[in-house]
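**Q** Let me begin by handing over the structure; questions about it come next.
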Amino acid sequence: MMGLNRQKIILGSVFLGLPLAWLTFFVVFPILLVVYLSFTSYDILGSPKWIGLLNYEDLLDDDVFWTAVLNTAYYTIVTVPVGMALSLLLALFINRRLPGVGFFRTVYYAPVVAPLVTTALVWMLFYSETTGLFNYLLALLGFAPKQWLSSSTWAMPSVIVMSIWKGLGFNMVIFLAGLQSIPRELYEAASLDGAGSTSSFRYITLPLLAPSTVYVTITSIIASFQVFSQVFVMTGGGPNNSTTTIVHQIYRTAFVHLEVGYASAMALALFVILVAVSMVNLRLVARKEIYG
Amino acid sequence: MTANPTAFTSELTRDGRVELSVRPAVRRLLKDWFGFYLPATVIALVMLFPFFWMISIALRSEPEIYTYPPHIFPETIRWDNFARIWSDPRMKMGLLFWNTLIYATVRTFLQLLLSSMAAFVLARYRFPGRDAIFFAILATVMIPHEVLVIPLFVIMKHMPLAGGNDWLGMGGTGWLDSFKGLILPGIVSGYSIFFLRQFFLNMSSELEDAARIDGASEFGIYWRITLPMAIPALTTLGVFSFQFAWSDFMWPLIITNSDHIKTIQLGLAVLQSSEGTEWSLLMTGAVIATLPLISLFVLLQRFISTGISFGVGR
């Protein structure tokens with residue numbers, strides 16, 4: 001019996017100790033380091049110099065950073081509601097018991113599986129001014145071609161449309177799981193009471209789907225605030241900073257301009273925003289238990 | 001695939017009468033086809049069109065991309081693009097492919113190993129402070145990748161006694177531009193530990209207890225009983241982890257520099273931004289970068305859908 005316990009203690013400390021040491025070194029220590037770095041001026045080559053709150057003061061006057069914040073907000077405000085509405089429609093549409101439904105679900109999920117970089121490259125072809133399909137379709141309909149990725153007006157909407165297509169399937173699956181957890185008897189009872197499809201959607205589907213909706217809203221907002229790869233590949237933040245986002249700005253400041261301390265302050269600002277969103281999330285998830 | 005093989009099937013209605021008339025069956029069939037299959041196919045074509053276009057461009061000659069109006073299908077199918085990209089010195093496709101495969105595979109296996117070890121202890125042993133440790137691990141899930149990128153880069157560069165560094169981590173390049181730097185930071189994730197612990201808790205421990213009574217070692221129980229029983233969960237997690245690493249862009253962008261470490265996504269993005277992009281070759285590369293994930297997804301779909309309903313996102 002003692003032998004067994006000793007074995008458990010040894011195995012337990014190794015099995016738990018190793019991953020914990022890893023998490024401490026690669027997650028906990030870095031988060032403390034980024035806080036420290038945000039109070040310094042640091043170009044990676046030399047050593048960090050303590051400059052107090054100067055980075056944060058600079059951040060308040062940094063027009064490009066605020067442009068990035070506004071662009072990120074723009075991206076979020078359009079992508080989240082439109083993406084959610086479309087994925088809910090898709091989930092409602094696909095929520096049937098017919099042969100072959102699984103095939104369509106798989107197909108609609110395919111963009112989620114594809115790497116973001118490669119899909120962004122294909123969409124760049126669609127958006128091409130001279131040979132792209134979108135301008136070809138516009139020409140067929142008698143409209144003038146648009147500079148999709150190279151005009152400040154159209155670049156962000158172009159990035160947004162691609163991103164919505166990419167993420168649709170993921171939220172669809174979450175909504176679908178939510179829809180399937182709604183007991184069918186509720187709809188049967190409602191139709192016996194003479195409720196039409198609109199009112200059973202309004203009074204049964206929407207309220208009972210609330211937990212999924214909350215989950216999708218929060219995860220979508222968090223994901224939108226982290227948008228980076230498609231911007232990097234499709235526009236490089238341009239034209240005229242019209243598509244630069246917070247993460248893109250962090251990347252540029254730290255690894256192109258080598259202002260690591262300043263970029264750390266930006267990263268921390270992003271972190272505060274995301275923690276705030278997550279806090280709201282935790283609150284609502286706690287309430288989700290009531291919905292059951 | 002077909003909704004109703006014949007229009008004349010008899011079926012049991014809810015109140016138990018057998019319906020034999022033809023017209024309701026036909027009406028159902030029409031409703032299924034026009035209310036579902038037709039629009040579903042149209043949506044599917046829209047969702048898949050970018051994939052089709054990727055392949056269609058990948059199989060063209062470069063000049064054909066610039067023809068106007070654009071052709072939907074290539075005039076002549078150029079399979080040799082796939083051979084060309086493998087030997088093209090600008091692409092180094094073979095190298096990029098192997099790098100990505102190593103990155104994604106090693107990272108996934110180490111992540112499954114370390115996460116399952118922690119999850120095993122947290123789910124099966126009782127000891128003081130267990131719940132506190134679990135919640136601390138869960139709290140790390142809230143810290144986004146993007147915020148950690150800067151400090152991780154600094155840590156990698158100043159790794160003591162690596163890449164020409166002295167014991168204080170100064171002077172050299174540390175783990176920058178190495179597979180260690182690319183892979184090791186991502187091998188433990190709080191989410192995987194959480195996911196597997198949840199799975200272990202729902203799994204009966206009777207078999208493990210029986211093995212204990214038979215005198216099996218604790219490691220033997222973990223390795224020969226718990227892990228094999230958790231294969232569905234490990235597969236789900238593994239697929240997601242592999243997908244994430246294969247598609248990962250930001251960390252390889254920051255940590256790698258030379259071609260023998262770069263990943264495929266990075267190679268494609270860099271090639272696009274360099275001058276004189278050959279789009280037909282680039283799309284060939286995109287197909288090669290996408291195909292493994294799509295095939296993995298199709299093969300392991302069953303596991304993935306349970307994983308998603310469990311809430312595995314990224």
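Even glycines carry a Cβ here, placed using N, Cα and C.
Where the annotation comes from TrEMBL, it is an automatic prediction and has not been curated.
Sharing the feature lines straight out of TrEMBL:
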- B:36-59: transmembrane segment (TRANSMEM)
- B:96-122: transmembrane segment (TRANSMEM)
- B:97-300: domain 'ABC transmembrane type-1' (DOMAIN)
- B:134-159: transmembrane segment (TRANSMEM)
- B:179-200: transmembrane segment (TRANSMEM)
- B:221-246: transmembrane segment (TRANSMEM)
- B:279-300: transmembrane segment (TRANSMEM)
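Surface or core, plus neighbours and distances: that's what I need for these features.
**A** Residues of the same chain lying 6 or more positions beyond the ends of the transmembrane segment (B:36-59) and with a Cβ under 8 Å from any Cβ of it are 3, 65, 72-74, 77-79, 81-82, 279-280, 283-284, 286-287, 290.
Residues 118, 122, 165, 169-170, 173-176, 181, 185, 189-191, 193-194, 197, 250-251, 254-255 of the same chain sit 6 or more residues outside the transmembrane segment (B:134-159) yet have a Cβ under 8 Å from a Cβ within it.
Counting same-chain residues at least six beyond the ends of the transmembrane segment (B:279-300), those with a Cβ under 8 angstroms from any Cβ of the stretch are 51, 54-55, 57-62, 64-65, 78, 81-82, 84-85, 88, 91, 93, 97, 100, 235, 239, 242-243, 246-247, 264-265, 267-268, 271-272.
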**Q** Which residues of the chain, 6 or more past the ends of the transmembrane segment (B:179-200), have a CB below 8 A from one of its CBs?
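**A** Contacts with the transmembrane segment (B:179-200): 102-103, 106-107, 110-112, 114-116, 118-120, 122-124, 134, 137-141, 152, 156, 159, 162, 226, 230, 233-234, 237, 241, 245, 251-252, 255-256, 261, 263, 310, 312.
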